[in-house]
Every structure is written in structure tokens, then in C-alpha cells.
Amino acid sequence: MSNVYIDQFPAEAKVIRAAFYSSFLALALGGVFGIIQTLHRTDFLRFMDSVDYYTVLTAHGVFLVISFTIFFLVGIFTWAVTTSLDRGLEDIRFTWGWYSLMAIGITMTGVAILAGFTDAIDMSASVLFTFYAPLQAHPLFYLGLVLFVVGTWVAGVDWFRSWWAWKAENPDERIPLPTFMVLTTMLMWYIATLGVAAAILLFLLPWSLGLIETVNPLLTRTLFWFFGHPVVYFWLMPAYMMWYVMLPKFSGGKLFSDPLARVVFVLFLILSVPTGIHHQYLDPGIAEGFKFIAMTNTMFLLLPSLLTAFTVVASMEHGARQRGGEGYFGWLKALPWRDPVFTGMALAGLMFAAAGFSGMINAGMNINYLVHNTFWVVGHFHLTVGTAVALTFMAVTYWFLPQVTGKALWSRSVALGQVVVWFVGMTFMSNAMHRAGLLGVPRRTAEPQYEGFEFQAAVGSIGELDAQIALGGVLLTISLGMFFANVVGTALNGRSDDLPANEYAGALSGPDDAPLVLDNLKLWTAIAVVLVIFAYTFPLLSIIDRGGLFGPEVIPFPLTVESATTLGFALETAASTSFESAGEIATSALTAVMR
Amino acid sequence: MRISKAALLVVIALTVPILVELRTVLAWVNVELTVLESAVLGMTMILAILIWALWPQNGRGDPSRSG
């Protein structure tokens, strides 16, 4: 038997394959909607009505940041647990159960979104990825999301079961690093998803089903961001895992420090959730003091990212020197740039550094006011989830796909070109988005170029920024095409006997150097829960106290052009009637006074 | 060659963020480049990198240990 993953764990390889292919389908759909909206918004190619822009934007967001990322990460988490514990999952039917829940859930959500393109079905969910009230989606959208998230919860139980079984057989062993990373990520996810579960099950779904009349939009919005910021770490932590356990291996060396990696994941577990309010700096109804606490927590989150930058670069340097690299910077030449897995991850990490800087600006309460709800924010998250995560996932696919299919990669050269084209495309696109945001160009609109108003560009012009965004979008689409050519080409290849062994990087400083307390998951979970209680109890009580649990009466959206016209006419009539009445009263009062 | 072809590809790719940010940086010192001038500057930078990379280093051939 070879040392390839599919031969070691054939049943698990099937599940991972299914998760990967689901992820790639979502990536393809999300990518198509991405280029459509890019060309529409920049006014280079318009073939749809601007009203449909929001359906396209919802599909782009949900398919990419929910289904592409999460399906991929459950695949690599399954690989990480089975490989590092060196045991199969406890019950493969249970595993297929959570995969099916996720697949059914996202299909329901996807149908609800895509139905918005046709009037033949009375269904729509053009509520964007953030699904803020008063935007209202069809119940199928929320039900699908619930099933999808429950699927991820059950997946976490599956991985914990493996660990518990392994621990019973190895009571004195330290948790292997990849499994440690999976478990801490899932604990963070369990805490984080309580917010979105509450928002959907207690408020949005009953509201959408007509069981309750109104919701408190600020409350559901706050509950969304309770989940909405840590979900970023749910995407990022698997990418970090790849940088810690795979990148050193491809560099030709070992991870610099296993204990430091554990510290980083513990910090993410305890600090990811009590920060969500920093997305709501401009929301009225939340006291500035609570926002200040959220900002402080967010700034602490920079620490694990900076530790990661140090550890990963140190590991790469170690690998390069093992390969004969010399000098202060000369070792960079010795890195395996010909390997698309390495190059893709290295470029992703580099762009993440830029994302960290723009993230600090987002996190700063005062300077955030300058860029809040502008195109800057879109530029920022295209560097984080759109590159640090997506490019890392695409790059490691070139190693994982042969492992779970037993087939050689179709073309390493195309793969290398793909990751480089993604880097260049995203550079053009995100740079222009950031710059446009600084000019005040808004996000979440199909028509950013208001009539009778000119944005004043400090450098270049709005037209140039639009051209740069469109160029970036086209390059990213080409890169996606190259990626899918490789995926399909690999799937069509025959079985290969010449594949690398399934293994991950060792560590220069191993788990024995890490204090035992780092493996005390109960302690870190308890601290995380306490921090969440500190950060959220008073803001939530204050929001409920001011706006009520179910809020004041709101008008359900989508608000159509017809209903807006009717509403406008009604307001105009009411206003003119009032003016007439007021005029009559004033006239009679004046007449009376004059008499 | 001083570096491998793959490393050269990556170095050329890295000129893109430098170039697009350089345009903004130069504007701070009142040097405003048009898109065409930026493109010409970019081509010049890439040409310089190509000459540096392809020029034989002490008469040696391809770097044997680089990726």
C-alpha cells in the first residue's frame, strides 16, 4: 500500500472529494456572478437590470464566503484529523450525514437566491450575505442556512469523537498540532454561530414565515455580527493551518515553533467573538463605550496574526537554508517557486499582510468613519477571504486533489500561472477598490456614479479606477478558468503510482516544548465564553431595552419600484393635505386675530 | 540566469503592486503619472529585471538549487 491519503483512508477520501467538488461548484458559480457584477458596476458590460444586481451580489457573496470556503475547510479538517491522529473517523455514515445536511442546506439557500432572477416563482432572497433586517428573504433561504450550519456543528462532533477515541488510547500524548487546530477552530465556531442561530431561529425565520409581525433590526444586526466577524476566522484558521503545517514542508524544512502555533490558535479561540461590534461603529443605538471595548478586543487580535507572520516566515527561511539558501535575503532565491502549492500560499500570505494593514484602519473607531460602507471595505475583504483564504485553498488543492483522487495533477505549469494571475488580478482590483473607498465611493450599489455629482480622485480618475477594477476582475476570471481546467484535467487523469506521501511538516520546537495548559481546551473555552459575556451582555440588553425584543413596526422589503412610487404618492398627498389644512387653519386664525 | 524561471515570474508579478502603489506615492511629491506613463515605467522595470535575471552571473549557467 502506498502512503497516499486515498490508500490510507479510502472512505474518508471519498467524503473529502465530495466536499471539495461541492466547494469548487460554489466557487464556479460565485466567480461567474463576480465578473457579472464587476463589469456591470464599472459600466463596461451591462446585460441585466440594475435591480437584479442585488440578487447577483447575494449569490456572489453566499456561494463564495459560505459554501466555497466552508465546504473546502471541512474537507481539509477531515484530512487533518485523520492524518494527524492516524485513524479513520468513528462512523463514516455519520460523516456522510453531516455532509448531506450541509449539501441540502446550501441547495435550499441557493434555490431561494437564484429564484430571485425569475418572476415565475414567488420566491427571492436578495438580502446579501449579511441578510440584515428589514431586508427579508424567503423562509427557504433561512432554513437552508440553518441546516448548513447544523451540518458544520455535526462535523465538529465527528472530529471531536475521533479525538476522544484517540485520547482514550493515548492518554499521555499531546494533541497533534493539526487536530489541535481543528478542535480550537470548531470551539470558536460553536460559540460564534450561537449569534446567527439566535438571529435566524428566534427572529428572522419566524418573521419571514409571518409568525411574528416585526423584528428589531439593530438586534438582529448585532446578532449577525456576533457571528459575522468570527466567521472570518473560520475561513482564515484553516488557511493558517495550511501555512503552519504545509508551507514549511513545501519550503523544505520544518515548522519553527509548535508551541507558538498553539498559542496563536488559543488566542483566536478566545478573541475572535467579542469583537463583532467593530462592524457597527456607525450604527446608531449602540453606545460609544461598547464600541470602544470592541475596538480594544479587535486590536488584540492583531497579536496572533503578527505571531503567525513571524513563525511562518521563520519556517520558510529555515526551509530555504536547508535547500542551500544563504545571505540576509539571498535565501529567498532558494525557495521552491516552481511549486504552485508553495508559491500560491506564499503570495496569499503576502497579500494578507496588506489586508492586515487595511484591517487596522477598519478596526480603528475614528478612522473607520472615513471608510465605513465604502468600496475600501470591499477591497479589504477581497484581500482577506478573496486572497489569503481563496488563493491558499486553490494552491493547496494542487496537493490535496492528487491525495484524495490518487491521480497526478494535470499541469503544474498551468497551476503556477494560475496562482500568479490571481495575485496580479487581485492587486489591480483591490488597490482600486481601496482607493475608490477613500474617495467615498459607496459599496453595495449597482449605481455608484450618481448623476450631478463627481467624485474627486486624488490620483488618476474614477474612470481609471473602474478600468483597473474591471481589468482585475477579468484576470481573476481567467485565473479561475485555469484552476478549473486543472481540476477537471486531474479528475480525468488515470490513477498514478508516483504521488508524494501524505504527511505534514514536523516542528523544530515540538509539542513537548509547549506548556501542558495550552491543551486544556475546557479552560480556553470557558475564558472565551466569559469574554463574550463581558462584551455582549450590556450592548444586547441596551438594544432590547431601547428598541424592544421584536422592535418597532417595520416595512418588509424588498421594496419594489411600484410600491416606492405608491408610498411616495401617498406621502405627497398626505403632505399637501396637511399643508392645505395648516394653511386654512392659519388663514382663519389670522382672520380672527385681525378682527 | 541568476534566478529560476519560476522565481523570475514571481518577481515580475511583484512589480505590479509596486507599480500601482508607486503612482500614488509619486503623487505625494507632485509627480503625477498618466496611465500610459505608468505602463511605460512598468515595462521599463520589467525589462530591467529581465536583463538582470538573464545576464550570466560570473559565466555560470542556471542556478542549480533554486526552485
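Glycine residues also receive a Cβ, built from the backbone N, Cα and C atoms like all the rest.
The annotation transmembrane segment is assigned in TrEMBL to A:18-39 (among others).
For A:20-518, the entry in TrEMBL reads domain 'Cytochrome oxidase subunit I profile'.
Summarising the annotation, TrEMBL assigns transmembrane segment to A:59-82 (among others). With a cut-off of 8 Å between Cβ atoms, the residues of this chain six or more beyond the transmembrane segment (A:59-82) that come close are 5, 8-9, 12, 15-16, 19-20, 22-24, 26-27, 29-31, 33-34, 37, 88-89, 95, 98-99, 102, 106, 109-110, 113-114, 128-129, 145, 148, 152, 155, 159, 162-163, 178-179, 181-182, 185-186, 231, 234-235, 238, 241-242, 245, 385-386, 389-390, 393, 396, 400, 403-404.
Residues 12, 15, 18-19, 22, 26, 29, 52, 55, 58-59, 62-63, 66-67, 70-71, 74, 78, 123-126, 137-138, 140-141, 143-152, 154-155, 158, 161 of the same chain lie 6 or more positions beyond the ends of the transmembrane segment (A:94-117) yet place their CB under 8 Å from a CB of it. If you look up TrEMBL, you'll see A:94-117 (among others) marked as transmembrane segment.
Residues or ranges marked as transmembrane segment by TrEMBL: A:137-160 (among others).
Taken from TrEMBL, the feature transmembrane segment covers A:180-204 (among others).
For A:224-247 (among others), the entry in TrEMBL reads transmembrane segment. Under 8 Å from some Cβ of the transmembrane segment (A:224-247) lie the Cβ atoms of residues 65, 69-70, 72-73, 76-77, 80, 130-132, 177-178, 181-182, 184-185, 188-189, 191-196, 199, 255, 261, 264-265, 268, 272-273, 275-280, 308, 311-312, 315-316, 341-342, 345-346, 348-349, 381, 384-385, 388-389, 392-393, 396, 399, 504-505, 536, all in the same chain and six or more residues away from its ends.
The feature transmembrane segment is assigned by TrEMBL to A:259-277 (among others).
Same-chain residues lying 6 or more positions outside the transmembrane segment (A:289-313) and placing a CB less than 8 Å from one of its CB atoms are 240, 243-244, 247-248, 255-257, 260-261, 263-265, 267-268, 271-272, 274-278, 280-281, 349, 352-353, 356, 360, 363-365, 531, 534-535, 538-539, 542. Sequence annotations record features per position, and here TrEMBL assigns transmembrane segment to A:289-313 (among others).
Under the heading transmembrane segment, TrEMBL lists A:341-361 (among others). Within its own chain, the transmembrane segment (A:341-361) is flanked in space by residues 239, 242-243, 246-247, 250-251, 299, 302, 305, 309, 312, 316, 335, 367-368, 371, 376, 379-380, 383-384, 387-389, 391-392, 394-396, 398-399, 415-416, 418-420, 422-423, 426-427, 430, 434, which lie at least six positions past its ends and keep a Cβ under 8 Å from the stretch.
If you look up TrEMBL, you'll see A:381-401 (among others) marked as transmembrane segment.
Residues 38, 338-340, 343-344, 347, 351, 354, 375-376, 378-380, 382-383, 386-387, 390-391, 394-395, 398, 465-466, 468-469, 471-476, 478-479, 482-483, 485-486 of the same chain lie 6+ residues outside the transmembrane segment (A:413-433) yet bring a C-beta within less than 8 angstroms of a C-beta in it. Summarising the annotation, TrEMBL assigns transmembrane segment to A:413-433 (among others).
The transmembrane segment annotation in TrEMBL covers A:523-544 (among others).
Restricting the average to the domain 'Cytochrome oxidase subunit I profile' (A:20-518) gives a pLDDT of 96. Beyond its flanks by at least six residues, the transmembrane segment (A:259-277) meets 177, 180-181, 184-185, 187-188, 191-192, 195, 222, 225-230, 233, 237, 240, 244, 286, 290-291, 293-294, 297-298, 300-301, 303-304, 307-308, 310-311, 507, 509, 511, 513-515, 518-519, 524-525, 527-528, 531-532, 534-536, 539 of its own chain at Cβ-Cβ distances under 8 Å. If one looks beyond the transmembrane segment (A:18-39) by at least 6 residues along the same chain, the residues whose Cβ comes under 8 Å of a Cβ in the stretch are 45-46, 48, 53, 56-57, 59-61, 63-64, 66-69, 71-72, 74-75, 78, 99, 102-103, 106, 110, 390, 393, 397, 400-401, 404, 429, 446, 469-470, 472-474, 476-477, 480, 483-484, 487. Same-chain neighbours of the transmembrane segment (A:381-401): 16, 20, 23, 27, 64-65, 68-69, 72-73, 75-76, 79, 232, 235-236, 238-239, 242-243, 246, 250, 340-345, 347-349, 351-352, 354-355, 358-359, 407, 409, 412, 415, 418-419, 422-423, 426, 429-430, 433, 483, 486-487, 490-491, 500, counting only residues six or more beyond its ends whose CB sits under 8 Å from a CB of the stretch.
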